[in-house]
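J.: Next up is a structure, given as structure tokens.
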Amino acid sequence: MSEFSYFWHDYETFGADPKRDKPAQFAGIRTDADFNIIGEPVTLYCQPPADMLGHPEATLITGITPQYALKHGVPEPQFIATILAEMAVPGTCSVGYNSLAFDDEITRHALWRNFHDPYEREYKNGCSRWDIINMVRLAYALRPDGIEWPTRDDGTPSFKLEHLAQANGLMQETAHDALSDVHATIDLARLIRDKQPKLFEWVTGHRDKQSARALLDMNSRKPALHVSAKFGAANGCLSPVMPIAAHPVNKNCIITYDLRHDPAPLLELEADEIFDRIFTPSEDLPEDAPRVALKGVHVNKCPVLAPFEMMRDNEATRLNLDINQCRRHWKAIHDRMGEVEAKAIAVFEARVFDAETDAEAALYDGFVSNDDRARARDVHTTHADRLAEGDIVFSDNRLNELLFRWRARHHPDSLAEAEKDDWNNWVAKRLEFAPDGGLTLDEYDEVVATLMERVKGQPKQLQLLLELKAWGDRQRAFL
């Protein structure tokens with residue numbers, strides 16, 4: 001059996017969309033189960049592709065310009081291969097802070113763009129993944145003693161890593177520097193383990209799918225406490241939920257109901273009306289049409305769940321939770337369980353996601369066949385000239401498009417003249433119209449100009465923006 005270790009990690013990026021925006025910096029530290037550091041930290045920058053714009057706001061947060069990453073970084077294939085080698089060490093649990101929602105998506109999409117399996121490092125050879133942010137939220141909600149909890153101006157708790165690190169005197173030399181953030185994450189996990197060891201043991205011992213399914217028992221329908229940012233910081237990001245139905249499409253999702261809310265709309269409305277109440281944008285809903293509090297819990301994303309009985313009366317009061325009312329809501333649903341389950345299945349069955357139009361963002365548009373997975377592995381051992389001759393052709397057109405872009409970015413000399421024209425035309429279209437989302441070049445320039453006005457009198461920030469302006473000017477060569 002492989003020896004267990006944590007690989008704590010963090011990315012800084014050139015934007016907030018993990019499907020489309022590129023990584024700027026990565027840092028990782030391996031520890032044993034007791035948080036003792038093993039080996040040397042991994043820290044590296046990623047060279048941006050020549051066609052990348054990025055978002056200026058991201059650079060103001062991280063301080064990393066495209067020019068800096070280009071000078072000090074490595075090409076993305078080398079960057080992500082180095083990261084994968086660490087995460088795929090047998091027995092590794094890759095872990096971060098808000099990493100399931102963001103950093104893991106950066107990893108998956110970088111692996112996808114560079115012809116690695118996006119998922120194997122999450123389960124193969126005893127490997128797994130985790131994210132401590134919801135453990136932190138659970139500690140605030142149920143067992144807050146021994147930890148300083150920073151608040152925002154409105155009095156609600158802040159779960160930002162930098163705020164928690166500062167309030168608790170944890171090591172974080174520079175917020176939004178990847179290595180500094182990793183140290184702060186390790187220290188925060190250690191703090192919770194030391195101050196609330198039973199809670200820490202509970203969360204780490206119940207982060208697998210089987211534990212989540214057991215707590216969301218579809219036979220008893222017993223309520224469970226669930227942690228999610230969607231419940232709001234004012235409520236400690238925690239609510240009791242009732243398992244309603246297995247998701248009709250996603251086998252890793254269980255549909256639940258938030259028992260804070262009156263279930264009358266769930267009980268009285270038809271499925272199509274419930275659908276509208278859930279998926280219509282808030283600004284398009286009438287004021288007298290409250291949301292229906294159905295929520296999917298993804299058992300493969302280490303959901304933080306706990307028995308309903310863990311809620312103490314004093315904590316319930318602090319979290320604006322009326323336990324008796326929740327029990328009444330549970331009974332009202334349970335009395336009409338068959339009808340409610342059928343409605344929930346119909347609602348989520350009716351939801352259809354549009355296919356991504358851009359290959360780089362289309363990871364979740366379908367699994368890759370075994371034959372194409374084998375071809376993808378061959379990309380790394382096939383000379384660029386042979387790739388240019390068509391030695392590797394995929395049955396999945398997403399991968400053919402990715403291979404063309406991979407060659408254009410990392411082996412431009414392998415492109416024929418017609419391919420060079422196709423590449424330049426594609427980049428020009430992207431910069432001019434942004435068909436895959438993000439900023440057009442004109443919008444980028446406008447954002448830079450606006451930010452320059454905002455940071456007058458801040459020479460460091462202004463210098464970053466001058467470099468970003470120069471980067472935008474460089475991109476105009478494609479037009």
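Backbone N, Cα and C define each Cβ position, glycine as well.
According to TrEMBL, the Mg(2+) 1 binding site annotation covers D10. Among the features that TrEMBL reports, Mg(2+) 2 binding site is placed at E12, D181. Among the features that TrEMBL reports, substrate binding site is placed at E12, K160. What TrEMBL records for 197-352 is domain 'ExoI SH3-like'. The domain 'ExoI C-terminal' annotation in TrEMBL covers 355-476.
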J.: Any same-chain residues 6+ apart from K160 (substrate binding site) with CB under 8 Å of its CB? Would you list them in sequence order, or say none?
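T.: Listed in sequence order, they are P150.
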J.: Going by DSSP, is D181 (Mg(2+) 2 binding site) part of a helix, a strand, or coil?
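T.: Going by the DSSP assignment, D181 (Mg(2+) 2 binding site) falls within a helical segment, counted as helix.
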J.: Quick check for the class: what is the C-alpha distance, in angstrom and rounded, between the residue listed as 'Mg(2+) 1 binding site' and D181 (Mg(2+) 2 binding site)?
T.: 7
J.: Just name the winner among D10, E12, D181 (the binding-site residues) by count of other CB atoms within 10 A of its CB.
T.: D10
J.: Which state, by DSSP, holds E12 (Mg(2+) 2 binding site): helix, strand or coil?
T.: strand
J.: Give the residue counts of the domain 'ExoI C-terminal' (355-476) per reduced DSSP state, in the order helix, strand, coil.
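T.: Output for the domain 'ExoI C-terminal' (355-476) reads 87 helix, 0 strand, 35 coil.
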